[in-house]
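As annotated by TrEMBL, transmembrane segment applies to 121-141. What TrEMBL records for 183-368 is domain 'Aminopeptidase N-like N-terminal'. Taken from TrEMBL, the feature Zn(2+) binding site applies to His474, His478, Glu497. Annotated active site, proton acceptor per TrEMBL: Glu475, in sequence order.
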Amino acid sequence: MVFLPQVEDGAINLHSDQIQLPRNMIENSMFEEEPDVVDLAKEPCLHPLEPDEVEYEPRTSRLLVRGLGEHEMDDDEEDYESSAKLLGMSFINRSSGLRNNMSVYRQSPDGSCSVPSTRTMLICTGVLVIAVSVIMVIYLLPKCTFTKEGCHKKNRTMELIYPLATNGKLFPWAKIRLPSDVVPLHYDLDLQPNLTTLKFTGSVKIVVNVTQVTKKIVLHSSGLNITKATITSTGGSQEKAVELLEYPLHDQIAVMAPESLLAGQNYTVNLEYSSNLSDTYYGFYRVSYKDENSKQRWFAATQFEPLAARSAFPCFDEPALKATFSIRIKRDEKLSTLSNMPKKATTPVTKGIVQDEFFVSLKMSTYLVAFVVADLKNISMETNGSLVSVHAIPQHINQVEYALNTAVKLLEFYEKYFLINYPLEKLDLVAIPDFQSGAMENWGLITFRETTLLFDNNASSARDKKLITAVIAHELAHQWFGNLVTMEWWNDLWLNEGFATFMEYFAMEEIFPELHSDEDFLNLIFKAMMKDSLNSSHPVSSAVQSSEQIEEMFDALSYIKGASLLMMLKHYLTKDVFQAGIEIYLHNHKYGSAQSDDLWDSMNEITNGTLDVKKLMKTWILHKGFPLVTVNRKGKIISLHQEKFLYSVEPDNWTSDTSYLWDIPLTYTTNRCNFTHCINAYLLDQKSAVIELPEEVEWIKFNVDMNGYYIVNYDEDWETLIDLLKKNHTALSAKDRANLINNIFSLASLGKEPLKKAFELIDYLKEESSTAPLSQALFQLGLIFGLLEKRGEQQLAARVMYRIECLLGNKIDQQNWTDDGTISERELRSMLLTFACTHDIRNCRTAASKMFDEWMKSNGTMSLPSDLMKAIFITGAKTNDGWEFLLKMYSSPVPEAEKSKMIEALASTEDVRKMMWLMQNSLEGEVIRTQELSHIIATISHSLPGHLLAWDFVKENWEKLTRKFHLGSYTIQNIISSSTSQFATKVHLLEVKTFFESKSEESSKLRCVKEAIDTIQLNIQWMETNLAKLQEWL
């Protein structure tokens, strides 16, 4: 899956730590409500439970246990031991009350306690002996657990109190994860969506294989009205009625068979159901749009990742439970349908209704199943036996050619690189009018937001082209990483998303070098490291169970950190060894599932004992955060020391000196060699080490081109590097210069280097002409400007802006208002002029206002430079007439690329009434699509008049937001982060804490909430440390 940036480059983005994703961990599950508690000994046995079916519920669900069998708890049970402890604590509390009232000690008049009588002592001794005897009988009687009915020698496990189903009967399963006694083999799925009533009916026949004798089949279902349930045995034709139990808390249903299901046998579960097309962005959902005649039309599509296939059809909705799928969809004959596989046949059903049948799919996970019902047009091209098609609503079909050509080039590249052909006969790319994420990699049917697939020659900028190319590259990489080989469980989501992100940028460098995508990746890594340096961070591979935990795995760490670790490994192993390891990994696990260790084992097959890749990479995957490497140079001797980079002290003292020790593949270059041809490597696998150079050097730069995921502190050598940049900045690559800027500002925030030294380093920027270092400098300075401005330090903020103008003013003046030049030149121009117009420096607004007025007089027909459209629109929106005209144009049939720039401009207004209208309207989805809401909130949050307003809006509409976007989702993460990241006072810290504590446990425990609180605390700390110093020397 791909997620989009909240705000593009330029001033509005300067304070944002949102990540342009090409898409924290609580170890125990959290539930919205607590299951009912029932005593099995007092309840008639509704369904016989085999001993191996007795399971334990996570501690937060408070399921109670009655006693222990003779065996000890196994690993799975250890996590649930607290249920028994809860009972024990309850008993102790009650006993202590009795002791208070019935103490055997007598109190003398003077308040002292007298010795108990002999009679009392004898009675107590007798009671104690009897109690011990009973306990010994219960726990030492061989193979026996006592219940109301007596001793059942067969049952040697804890007897669990199961939760209740919706009908009041016992539900035979208590875990979030499904039992392993039944696995799916094949689904026959029939659907009939109605785009008039906005409902759908369905039926599914699931062929399952029984791995051990059972009477239950537990699977997922969410929000489905199941009207019929039967089961058929292998080779049998007679359907047998079954009892169906539902447990909505876990989105689970249980099919209770009338007789035991035998191990090794196949059975078919038949279910009929109905539901509404969802009005959220999950499951089988519907969106509306206006056609060429401004008439409202409906579009039905799916978004199943991670946990929403269960809301479209009952299924085993876990990634490792792969199966094949046969899909048939009834539709209006005027519409068209698409699914994962090519269409097999279309047959009439009734007047105006036809049924499309699709070929049987390959073995795949439920979250990759997809279907679309809409009025679509397409263009196609064949490559290597696969038909690639791009689909859009009719009025946008003229904007799909670039996407088609790009997809074909990327598909051919991946087939050659992986040495595995794309396995399907067709690949459809579909632009959906209202779509929460950037895109979704459904096998053979990739769905996109329109702005990530449609390219308009007149309205799409250089950055738009890069975005479209990147998203297509990401989703096509998923056809191998994620679809062909899938992570076994969501804890290893990075195997999907980290790999797809890595391949996205790698493929773009190989096929589209003119786009310079490596610079974009660099900035993403910097922002991911900001998130990873907080207490609230998490390891790339983290234990997850609940839906909120799973949703929160879709973050910058799974995507960007995962990708940067793969890039670091590729550079260390060399590209040929790395590629060979990937080929083995894909071949060994195709059509199956994998864990992180499977990848390292594949790499080790290639290194053949020369390097233990598993040992090297486990430190990076299982540790949160990243190392800080301190370099001290004395002549030829380079002393190295590693420690964890952390913005604040850990709350608990569990971090020892050795618990955070990385195996770091260091790279470095010196003045003695050309940086493009002379890169040295050293593996730092200890706390400290020494490198002896062959000769003394003038300077040394570690982490060449930022190919490693670590920060470097140069101690005394910072002065040498600052001097180098002033005298000859091109001695280092553009990425190295950006890396130095990022590192010194990060160290200044950490308190390792003075902020003044960071400002001294960027003094050379007057001579800088590359995008990467300039954008990193603007980002860092923008963070400081935003904090000062929102804190009410307007004069100091103005001095920061003056410093920026002194550094970049001449460069801004040199820009022309055209789309001329290379992609890099165009991007730099767009970034500088958008920044200048937003902050009203130089004469930017004068030129932009003139162009906007001419465009408005032409009623929007005049062509504007696409790269500068955003700067022009932001300037125009400062006036009431300009804002109203932009809103009118947004509602007209202009290209999506143009609309996205209009939205950002509309949200950049300084009128709080307009801000509130935008947010409210977008939430309702009437004029402004709801997909834009998080973008709008982020933009408003970064303005002085809007940052408090955005937070108030989030508080007042929290329930609506979490219903529409789901707790933990990437959109909710963005909304929380952007609406709180500007706060830097203890009053706001308390307000944010209090608000989330007043919400559900699921809300208050979200990692993104902890991250927001961490960020505010760090903002406060930064102000306390640096405010007085800035006032003194800036």
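Cβ from N, Cα, C; glycine included.
No curator has checked TrEMBL annotations; they are predicted automatically.
It should be emphasised that the depicted structure is a prediction, and the values quoted were computed from it without experimental measurement.
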Spatial separation of Glu497 (Zn(2+) binding site) from Glu475 (active site, proton acceptor) - C-alpha basis, Å: 10
Same-chain residues at least 6 apart in sequence whose Cβ lies under 8 Å from His478 (Zn(2+) binding site): Glu441, Asn496, Ala500
Mean of the pLDDT scores, which run from 0 to 100, over the domain 'Aminopeptidase N-like N-terminal' (183-368): 96
Local Cβ density at Glu497 (Zn(2+) binding site) - other Cβ atoms counted within 10 Å: 30
Cβ atoms near the residue listed as 'active site, proton acceptor' (within 10 Å, other residues, all chains): 31
